[in-house]
Amino acid sequence: MSNAVVGFFVSLNSNLDEEVSIPKLHVTEGENVFGRDSIVLKDKRLSRRHISLTASSNGSAELLVEGTNPVVVTSGDVRKKLYSREKVKIRHGDVIELIPGHHYFKYVALGGDGDPNEKGSAERNDSRKRLRQIADDEALARRLQDEAELEGCNHEQERSFTMGRQRDSKSMEDNTVEAIRSFRVPREKLPLTFRLMKVQGLPAWANASSVSIGDVIEGDVQVAVLSNYMVDIDWLVSACPKLLKIPHVLVIHGESDGAFDNMKRKKPANWIFHKPPLPISFGTHHSKAMLLIYPRGVRVVVHTANLIHVDWNNKSQGLWMQDFPWKEKNDPPKRSLFQNDLVDYLSALKWPEFTANLQATGNTKINPSFFNMFDYESAAVRLIGSVPGYHTGANMKKWGHMKLRTVLQECKFPKKFQKSPLVYQFSSLGSLDEKWMTELASSMSSGVSEDQVPLGIGEPQIVWPSVEDVRTSIEGYAAGNAIPSPLKNVEKPFLKKYWAKWKASHTGHNHAMPHIKTFARYKGQELAWFLLTSANLSKAAWGALQKSNSQLMIRSYELGVLFLPSRINSQSHGSAFSCTAVGTSSKESPRSVEATGPVSTKLVTLSWPGVENEDPSSEEVIRLPVPYELPPQPYSPEDVPWSWERRYAKKDVLGQVWPRQVQLYVSPDS
């Protein structure tokens, strides 16, 4: 092999201009090794053999990650993260980040000034188009996680940022009604509502009744089933060390092959990983839930956060949970609606069966049918799930927006909700059209008033952060990484009439960008129903009717909980059962705590001005901590909806501009 120079490895600054103070590194034909010593960078995250480039005489090259930390390669419009021992072919002009977000280098092939592979370029463009269409909300969150862990602002920026937040907090405390400050829910009433997750950097009052992962995974857990899209093992076990002591942990995930290989290298011995089947291209396993098995029963948790640091610390998120006891052996074999929905959804995941030695049942096979062993009669919510596939016949009504339509059609609501508005709030905007928006609104407008008159179609409002919201958030522009929004989706003319502001002063969450997903029908501060879910506003998540409305096509797995007044009945009213509380009998089923008769219920926001529960025997008022204000304010002419594809020169609260890196697109392996 000759030592002919076939190209250069050129250092770039943060603006992606050539860093002239650092000499170009020669790339010769054959293997070239670059690392901490050869590049002369004093960064211990770089290995001495960090990457190798095997170059050919025509300038093409293959990059291999030799070190332990990931490397990012941006080629054209595709950004790809590589883990240790992964390879990728690179071409002239590709940008390599030796540490994600740090140490940029460009590969320059001698004589190379174009794309030598037009076919490959076309394939990348086609892939990018499909990626934009499904616009998964997690696509860049892992990049944000890396940036948050690998980079901090300097002391001057940090001081400026902290002072700004303090001034902001004082302004909020002086000028807003801090409604969440008084949000206190007795333990026995927790299943009737949901809670926000704790956010670092917010005033203490904004975290009233909020939860952390340690508040959820507690007590004597014998088996844990963790369902999510993104999973950072290192963060998860550091945030919740108890997981290392649980005898059996099943992690159901949606990670790519590269990320999964990295997860496997860190897997505790007693953990099982499973990625559910994805029968339709470009779908994801996106549901976020936990099933925790105790000697006394099971805890069911549905939430909106990935199992990564930034999601549990920097975002507006929501979480619901309820504990259910084991069924008595002599109980009649009846199934509740919640039980049917749960077991049907779990069955679709097709996880590998395993055996656990449980205190209540001895050696027991843990599979979807196992969850029939619990008494869900007191369930305060309905489950609304999505499962990928082409659903026809009765299955059409089991999933996606058609499931929501079916449940709402069975409900009666006060007449005040006739033609009342809908609100859609989420963190990823798919490629939508007016026909599908009408289809979704038809499902979300289902139901009748007390006199059997249909409620009628509600006008949707889309709560979506503006550019200024993201710029002034606690993460600055970096928060926009987890709000995927291609320009072609955001700038569709028909969406202009729907845009509404993310305003969350009453909860103190103005500057904690939303990763929570909520859908609701409301009138003033009263709610006809409210859905907390993993589903974004996309056809992939909710499904789209096909073949003259005889088939529902869904790409992704999703899961949410629907709060309905009609579900809060005498059986769940005052439910006291807990898997972890000391001093309550394990035999105490929620069925034994009954109200004196039927109870009329009302769902309201934290800003509802009425006096609650004056006569609890006739009406129960349930407050839901909807983090944003209702009714939402429409965008003003000055408001610009956030899109990660625009460039923003005005510096954010951390002194940064956008974009921070060369491209914003990612491949499915990012």
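Glycine is no exception: its Cβ is also placed from the backbone N, Cα and C atoms.
Residues annotated as domain 'FHA' in TrEMBL: 33-98.
As annotated by TrEMBL, region 'Disordered' applies to 147-173.
What TrEMBL records for His286 is active site, nucleophile.
For Lys517 (substrate binding site), applying a Cβ distance below 8 Å and a minimum sequence separation of six or more within one chain yields Thr304, Gln425, Phe426, Ser427, Leu532, Thr533, Ser534, Ala535, Asn536, Gly560. According to TrEMBL, the feature substrate binding site maps to Lys288, Lys517.
TrEMBL lists His515 with the feature active site, proton donor/acceptor.
Counting every protein chain shown, 25 other Cβ atoms lie within 10 Å of the Cβ of Ser538 (site 'Interaction with DNA'). Taken from TrEMBL, the feature site 'Interaction with DNA' applies to Ser538.
Assigned with DSSP, the residues of the domain 'FHA' (33-98) fall into helix, strand and coil as follows: 0 helix, 30 strand, 36 coil.
On the 0 to 100 pLDDT scale, the domain 'FHA' (33-98) averages 89 in the predicted structure.
For His515 (active site, proton donor/acceptor), the Cβ neighbour count at a 10 Å cut-off comes to 27, with all displayed protein chains included.
The two recorded residues, His286 (active site, nucleophile) and Ser538 (site 'Interaction with DNA'), have Cα atoms 13 Å apart.
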